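Residues or ranges marked as active site, cysteine persulfide intermediate in Swiss-Prot (evidence: sequence analysis): Cys186. Residues or ranges marked as domain 'Rhodanese' by Swiss-Prot on the basis of sequence analysis: 132-226.
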Amino acid sequence: MTTVNLAAYRFVSLDSIEQWRPLVAARCNTLGLRGTILLAPEGINLFIAGPREATDAFVDYIRHDPLFEGKFADLPFKESLSDSQPFRRMLVRLKREIITMKKPAIKPELGRAPSVDARTLKAWLDQGHDDAGRPVVMLDTRNAFEVDVGTFDRALDYRIDKFSEFPAVIEANRADLEGKTIVSFCTGGIRCEKAAIHMKDVGIENVYQLEGGILKYFEEVGGAHYHGDCFVFDYRTALNPQLAPTADVTCFACRAVVPADAQQSPLYVPGKCCPACHPGDSGTPGRRAEPGAEPARAV
């Protein structure tokens with residue numbers, strides 16, 4: 001049976017998440033859904049999967065149930081299909097932030113940073129500047145191991161290990177951003193939106209977020225100006241610019257990304273180890289995910 005995968009997020013002030021949690025969990029369990037829903041004072045972030053009739057019912061529920069006071073009435077969802085259920089259980093969690101930056105929570109009522117859509121961004125990159133003539137700098141807000149799977153050509157990559165490091169590296173590298181148009185990007189939009197809001201809040205000018213992230217860019221314009229694939233936080237590991245799963249896998253032991261060529265190594269034992277963590281290896285660098293870094297999101 002085909003499984004429908006849904007992802008969505010929104011920065012919006014929420015005051016009743018403690019009351020919502022058991023009700024949302026009960027509805028998801030009744031529908032037979034699995035996945036993760038994060039609720040925080042600054043908004044919602046979710047990735048769920050199930051049969052078509054169940055996911056359609058959930059979309060109708062969250063958009064129209066009076067419980068949510070219309071806060072998600074136009075919530076956009078990203079949808080993909082898979083041959084199996086990628087999640088083991090259904091979790092609804094309360095968090096301080098829907099994506100952890102360890103800074104004061106985003107106040108959505110103060111407005112979001114401007115966004116740029118995929119086609120406009122491609123045009124800017126084609127011509128080498130934005131419509132005002134400023135050079136365009138792509139800023140990767142993802143973790144280093146994700147960047148290693150693929151990123152935009154000549155993107156700034158500060159090799160962060162977790163998103164909470166982002167404010168410090170931006171402060172240390174402000175000179176890289178002066179006089180330029182900055183486009184922050186991530187997998188599906190949530191990190192680059194929060195990153196853009198933070199940069200705007202600390203006085204950095206001409207900052208945009210890539211609307212819908214890398215995956216929306218792939219959907220709209222393909223892989224132009226992008227090198228490699230896009231890491232995703234689910235069983236698929238990585239998607240190519242055609243949004244098809246690649247041959248990359250995630251190591252069961254250390255969560256490193258193991259490309260197809262590394263899977264031919266005698267140090268790769270499915271379900272046990274890979275060249276990055278094999279006990280007999282001297283320490284081959286791996287594209288390693290931080291355990292529990294974040295739930296699957298925005299794909």
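Going from the start of the chain as shown, residues are counted 1 onward.
The backbone N, Cα and C atoms fix where each Cβ goes, and this holds for glycine too.
For the domain 'Rhodanese' (132-226), residue counts in helix, strand and coil come to 38 helix, 19 strand, 38 coil, using DSSP. Other Cβ atoms within 10 Å of the Cβ of the residue listed as 'active site, cysteine persulfide intermediate', summed over all protein chains shown, number 27.
Here the domain 'Rhodanese' (132-226) returns a mean pLDDT of 96 for the predicted model.
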